[in-house]
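Trainee: Here's the feature list from TrEMBL:
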BINDING   Gly173, Glu174, Ser175, Gly176, Ala177, Gly178, Lys179, Thr180  ATP binding site
COMPBIAS  614-623  compositional bias 'Low complexity'
REGION    652-674  region 'Actin-binding'
COMPBIAS  1125-1139  compositional bias 'Polar residues'
COMPBIAS  1144-1154  compositional bias 'Basic and acidic residues'
DOMAIN    1514-1790  domain 'Dilute'
Amino acid sequence: MEKGHDSSSSMAASELYTKFARVWIPDAEEVWKSAELTKNYKHGDKLLHLTLEDGTNIEYNLDEKTKNLPHLRNPDILVGENDLTALSYLHEPAVLHNLKVRFTDSKLIYTYCGIVLVAINPYENLPIYGSDIINAYSGQNMGDMDPHIFAVAEEAYKQMARDERNQSIIVSGESGAGKTVSAKYAMRYFATVSGAATEANVEEKVLASNPIMEAIGNAKTTRNDNSSRFGKYIEIGFDKRYRIIGANMRTYLLEKSRVVFQADEERNYHIFYQLCASSHLPEFKNLKLGGADDFHCTNQGGSPVIDGVDDSKEMSTTRNAFSLLGINEQNQMGLFQVLAAILHLGNVEIKDRDSDSSAIPPNNRHLQVFCELMGVTYQDMSHWLCHKKLKTAQETYIKPIPRMQASNARDALAKHIYAKVFSWIVDHVNQSLRASVKQHSFIGVLDIYGFETFEVNSFEQFCINYANEKLQQQFNMHVFKLEQEEYLKEQIPWTLIDFYDNQPCINLIEAKMGVLDLLDEECKMPKGSDDSWAQKLYNTHLKTCTLFEKPRMSNKAFIIQHFADKVEYQCEGFLEKNKDTVNEEQINVLKASKVRLDLLVELFQDEEKATSPTGTTTGGRTRLSVKPKEVRPGASSKEHKKTVGCQFRNSLAMLMETLNATTPHYVRCIKPNDLKFPFTFDPKRAVQQLRACGVLETIRISAAGFPSRWTYQEFFSRYRVLMKQKDVLSDRRLTCRNVLEKLVQDQDKYQFGKTKIFFRAGQVAYLEKLRADKLRQACVRIQKTIRCWLVRKKYLRKKHAAMTIQRYTRGHQARCLVKFMRRTRAAIVIQKFQRMYVQRKLYRQKQAAALVMQTILRAYMARQKYQGLLRNHKAVFIQKHVRGWLARQRYKRSLRAIVYLQCCIRRMKAKKELKKLKIEARSVEHFKKLNVGMENKIMQLQRKIDEQTKDNRLISERLNGLETSHALESEKLKIEVSKLKGIEEEAKNNANRVTSLLEELERLRKDLTTTQKEKKTIEDWATKYRDEMEQMVAELKEENGLLKTEKNDLNRMIKEQSQQMTEKMARALAEETHQLESDLNEERSRYQNLLTEHLRLEERYDDLKEEITLSVNVPKAGHRRTDSTHSSNGSECTYNSEFAESEESSRHGEDVTRGMDTSLTLKLQKRVTELEQEKSSLRNELENREEQFQRARARDDEEHRKSRGAELEYESLKRQELDSENKKLKHDLTAMRQSLLGNAGAEAGAPGSAPYKVLVDQLNTLCEELEVRKEEVLILRSQLVSQKEAMQHKDEKETMTEPLHYAEDVHNMKDSGAITQAYLSLKETNRLLEGQMQQQRRSYDNDVEVLRGELQSLKEENNRQQQLLAQNLQLPPEARIEASLQHEITRLTNENLDLMEQLEKQDKTIRKLKKQLKVFSKKIGEMGAGQGESVSPGQMVEETVRPVNIPRREKDFQGMLEYKQEDELKLVKNLILELKPRGVAVNLIPGLPAYILFMCLRHADYVNDDQKVRTLLTSTINSIKKILKKRGDDFETVSFWLSNTCRFLHCLKQYSGDESFMKHNTPKQNEHCLSNFDLAEYRQVLSDLAIQIYQQLIKCMENILQPMIVSGMLEHETIQGVSGVKPTGLRKRTSSIADEGTYTLESILRQLSAFHSTMCQHGTDPELIKQVVKQQFYIIGAVTLNNLLLRKDMCSWSKGMQIRYNVSQLEEWLRDKSLMMCGAKETLEPLIQAAQLLQVKKKTDEDAEAICSLCNCLSTAQIVKVLNLYTPVNEFEERVSVAFIRTIQTRLRDRCETPQLLMDTKVIYPVTFPFNPSSLALESIQIPGSLNLGFLTRV
């Protein structure tokens, strides 16, 4: 554990222990207490001045020896972290405080501590273990989600699949800490996530083993109501696809003594109480049981009932689990019979006969029941319970035993029987869970007892603590290994960390002459006792081992120093428990049982046979191995003599071997308090367990090195504020290195790895302090600037006012001053000129005199100077020549003397040298020396020549290389110059082209201007005409208003009478409609879920058939040869052949199927039948609901028609208005026709032409006539109304029939057809004008949109230009020029392309207008020709005859396709099975396959071939199912066939002949309706198929979107820099910085756009697209919200802003796609409210009220969860107080809602397929040749 000086080692203590610094000091009650420094600490101080949290001032004395300072507190921002290793200061008080805050304040029971998951028992049921939570954790990284047992299980499952290595989950802790529950949830996770490989429900069996093992191995203790009294290791086996195939269980050290003894407030094993609670059942009558208080084995603890537990229900659960695991009723009853016998045996009373013997009274009821249940004789059992047999070498004695020994023998027998039952159950559970196929890998879950210490510790506690010592050693080594691997991976210098090694303690227990060895040796001694064994321990270890101690006051106990604490063991009972003996004669009596139960035979057979295949030890306490061993014949007695300690040591060694061969995962369970109070944290108990379970050891190992680790990107993102702009480099690693060297001077406090930065303990807190100080300085600077601005603004206002006053005052003063200055200046000027004149005159006189005197003086001085210079020159010349002659003479004399001296000296030296040379010349050695010197000199010269040659060669080569490179470089430069010239020429050409294109554009603009002028003229005319029409319409409206007023007066009485009835009926109808719709949606949902289940069963049925077929058709070796002509390509087989083969194989495999799994087949058939019946009933119910809805609607329509009875009279009068205008309209119509015939040219129909004017005149005339006729109608109508009122008092029926008589009179009037035709013509004219106005409005809107688009593109281009300019400015000059040229070329090219595109659009528009002009001309010509037939012959002669092209009339096509019966398979194959959706969607019309299939169906209906119709529909449906099964994960395929299935369904409805579906048909389409067959049943089948395809589409989309949602919506920072990165621990979360492979919000939007465009291309119905989008957004919102609720690091203010921005982007996408009204936005409302909840203020009661009203779409559990998880990212944010959360809970208490925390992401909204008729004519459909459907014939 780190000390005070270690925590402050990052910098001087004086820098950390300053005023207001917070520290931890020891406390007797709370273990550690927080305090704050009130005075700075200085080196050498002996005490600290502190203030406690309650305000108390204290003085804390430092230790005089160590001088250790107290531990520093972490910053508040780090408190409550998911991983304890994320804390900057790693020590015991920090760990304890973090756990307490998470547990009590945030209600979080799981916390990571490096590789360990710390689980605190909440003593309360929490909703965090449902299937929705499992689905949320499935597939997630361990650091991404909040800590959870499911996260550990997912990590183990993922590593098993990724690393191909077996895994282990080690769950440990005290009794009552929650080990069994944690192990149970881990197994549930594996069973849920992986699923089973077969239909044998292996995962259910694995989970079913839990209630069985809890019933027989768990009991209530003082610490836990469901305490496991044995250890177990469950291996869950997986196949190669990582699905559960089986399991195996090993058990360790069953507490058999609990069968016969329980302490106060404790119970026996649960199974006994379950039996007693079920004794009233008929099948248990013969067991003769009673209540639990009636038996000695169950009433010793005095607490037979557990609160909240119903033992009878638990018994039912246990029996169901037995049945599920294959233990039949007979064996179950046998087990219960043996267990009941144990209860009766415990009640057998043994009395003293004398001091050395005992006896059982005759006819003991309980013993009789025991003998009856076990099938033994009463005499034998009562005899051997009170006697024992002694064997000597020659004789055998039967000796009575005293009462105490007899009672012990009775208890030993009960324990032995129970151990045998326990072992038998474990064996059969393993047999049931054993895998039928080969196991590929496994995950082991170890649920084993934690370290135990009680007031009295015996043999059981010794074995438990021994096992924990071994596990702790393995844990320490694994943690040390992981730390070392991390450092080596990051290439950090590794220094050996000193950690606690408990090998000496293990050696003390298990080594030779250790505790267990001496215990076994003592057990072998004839007179061995606990006391003698204790003395041996003292003699052996007391002086040699420091871990072994002897208590002061006892000679029958010993103390061992374990890794967690010292434990004192009482020696009494060690030998007896280690021997575990039982009377052999009692066993022989049981073997002779006469009860015919296989169970009893298996229980009490010989020991070697009784040993389970998995190696259960004698006594059933331990499991030795997984595989069965062969037992040697002579080994029985030897194996039987093994002690419990020896067996436990062997099984523990095997367990450690298994664990070392796997990758371990650790779960440490903590018991928060001993009183089982929910969410109550006792620091004393918690710190004891933390020390015992190794959590603090993990912290110590981490803190000894570099516990804090950051990636470079995370460090940069977090501490960017500490960097200056010049420090930020492109290389993040170099940037971080430079900054850290400046911030932290001591380089030993951090290390740079390959991908991370490693910090010593305390460094992150120091950096956080610097960051907070920097942010605080920034805040102060901002405040300073704002305050300065405010004060300056006020100051400037005052200054402006003062300056204004000063300006006016100074202005007056200045004017006065200027006046005075002007006068003064005038006087000065006068004075200046006067004085100037006087002074100038004097100056000129003096100047003239001075010049004369200067001239004379300067001439005299010049002459004197010249004479002096001349004399000096002559003297110098004479001296030069004299001195030169003297120097030459002196030099010559010296030279002659020197030469003479040299000659004399050289002559003397030469004579001496000559004499010496003559002497040397006479010797041979002289020549040798000369030669040697010459050789050396020659060699040296030769060497120098060689070196110079090499140098010359190198220099020449270098010169050649330089010449070559120079030539190449010059060549490259020439090429580049030529390229630049070419680019320049190309740019010139492009400029020329641009000029030409601009000219063309100008010409087009001129044309456009001309067109716009024409358009404006037409618009002006239309406006004028519209004004006239509006005036006319206004007048008509006024008259119509008068008519309506009269009408209202006449019908007021009727409305008043019917209003109340109508409102009442409307309300009732609305309520009934709403109820029916809700019921209909529920029924749809149930029906569609049943369809899904039905489809799954069908697929499973097909898979089973295929498996059976394969198992039947697989040939055995040498059995049969395969035909060589048989094709191996499965795709060549036709659809029919496949079905035929499957049917044949199913017939051949029928017998095999029955033999293999008859029960499974029957269950499947029964389930299919039930589903079909339920489906039909639901369908009938749905039809009944729809009929009720239709009847209600019809009833409403009938009532509505009755209420509108009076209005029908007014409608009948409308035709009377037309009758009076008959002749006038006829005449006007004839005139109009003649006018149109008179001018039938090309421009006859244009606005402003003569026919058009005539038409307008006629229209005006008609309007005027219409007004006159309306007045006449009003008079007539008033008379009719008066008649109606008179008759209304006589007969109510006559008033209703009168309008009908009038209507008949109107219909009987003459020439009604002509009147109708004129009226329709008037309507057509109005429609034409209205259409023109709407067209003009649409064109105006389109022009505005185009201009907006152009403006947006210009803005984007401008931004891009600015970016490119900024980039170019950063480049060197050469690269800048090249980039500029490249950019200019790109820009010109883009502009050229845009201009060409605009030109093409203009050409298309011109061609379109020309075509429309031709069509209008042709129509006018045809109209003139048609009218010409009614003209007289004379007129026809005058007309000029134009030639007319007569087209050839094609054969009339009826929209049917004919095919032969044998071509049906080819049709299905080409059109469905081998069709590529991508090509069809791009090149062909949407829904083409559906149209083709329907046209083929029409022909089969046309020829009345029911067999052909049936086979075609069946083949189509089966083929679609087949292609979806084959390519069901391809979105395009599923979308394509969903669209075509819906289109096929719509075609069946549209052409069914039903009037409700024929409303929108054309007459031609009505002719194409089906005539012979009613396909309503097939429509239902197709509707079911469409529902299945829709659900498959949703699943496919969900699989694609699922990996993107969390990363794009939560983790990725769409708004960069808003959210900061907090320190993380060992479990690193996914980085929020977008890497290359990270999904972003843009990825989600692109994927949604791809989905939408694909469905639109495939022609999916718009309503169906809306439903799909709504489902997509629900998945996005639900997954995002679920992850937010499970991730504490995501619940912050900045993350709420990110989420709201992301949601706004999704809404913008909906707006762009015009899908805002599809209901998708409403599905995001819970997520929006959660984001708002993160951002709102959370302090006062008003805030709580606002939150309650705001979050109406979130449940109470979700609101409280978000508030509990809310985590500040910066120190300026505040945590949510517990009181505020309780206020929220109180306000939301009355809400009626489900307690579910997470949203169900698997919900699929019920889908509907609204009828969408097609306007496409069947006869116009062309079949492309690419479909290979040439065999179809058009009919």
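Glycine residues also receive a Cβ, built from the backbone N, Cα and C atoms like all the rest.
Those TrEMBL annotations? Automatic predictions, nothing curated.
How buried are these features, and what lies next to them?
Mentor: Ser175 (ATP binding site) is surrounded by 20 other CB atoms, counting those within 10 A of its CB over all protein chains shown.
Away from its own ends, the region 'Actin-binding' (652-674) comes close to residues 99, 103, 113, 115-123, 149, 152, 155-156, 159, 163, 165-174, 176-179, 182, 186, 223, 233, 250, 252, 444, 446, 450, 466-467, 470, 474-475, 478, 624-625, 680-682, 685-686, 689-690, 693-695 of its chain (Cβ-Cβ under 8 Å, at least six residues beyond either end).
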Trainee: When a 10 Å sphere is centred on the Cβ of Glu174 (ATP binding site), how many other Cβ atoms does it contain?
Mentor: 25
Trainee: Fewest other C-beta atoms within 10 angstroms of its own C-beta: which of the binding-site residues Gly173, Gly176, Gly178 fits that?
Mentor: Gly176
Trainee: Cβ-Cβ under 8 Å from Thr180 (ATP binding site), same chain, 6 or more residues apart: which ones?
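Mentor: Thr180 (ATP binding site) has long-range Cβ partners Glu214, Asn218, Asn226, Ser227, Ser228, Asp447.
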Trainee: Which residue counts does DSSP yield for the region 'Actin-binding' (652-674) in the helix, strand and coil classes, in that order?
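Mentor: Residue counts in helix, strand and coil order: 9 helix, 8 strand, 6 coil.
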Trainee: Neighbourhood of the ATP site (Gly173, Glu174, Ser175, Gly176, Ala177, Gly178, Lys179, Thr180): other residues with Cβ within 8 Å of the Cβ centroid, in order?
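Mentor: Filtered neighbour residues, in order: Asn121, Asn224, Ser227, Gly450, Cys669, Lys671.
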Trainee: Using Cβ atoms only, which residues of the same chain lie under 8 Å from Lys179 (ATP binding site) while being at least 6 residues apart in sequence?
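Mentor: The list for Lys179 (ATP binding site) reads Val171, Ser172, Gly173, Ser228, Asp447, Ile448, Tyr449, Gly450, Cys669, given in order along the sequence.
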Trainee: Would you mind listing, in sequence order, the residues at least six apart from Ala177 (ATP binding site) in the same chain with a Cβ closer than 8 Å to its Cβ?
Mentor: Ala119, Asn121, Gly450, Cys669, Ile670, Lys671, Gln689
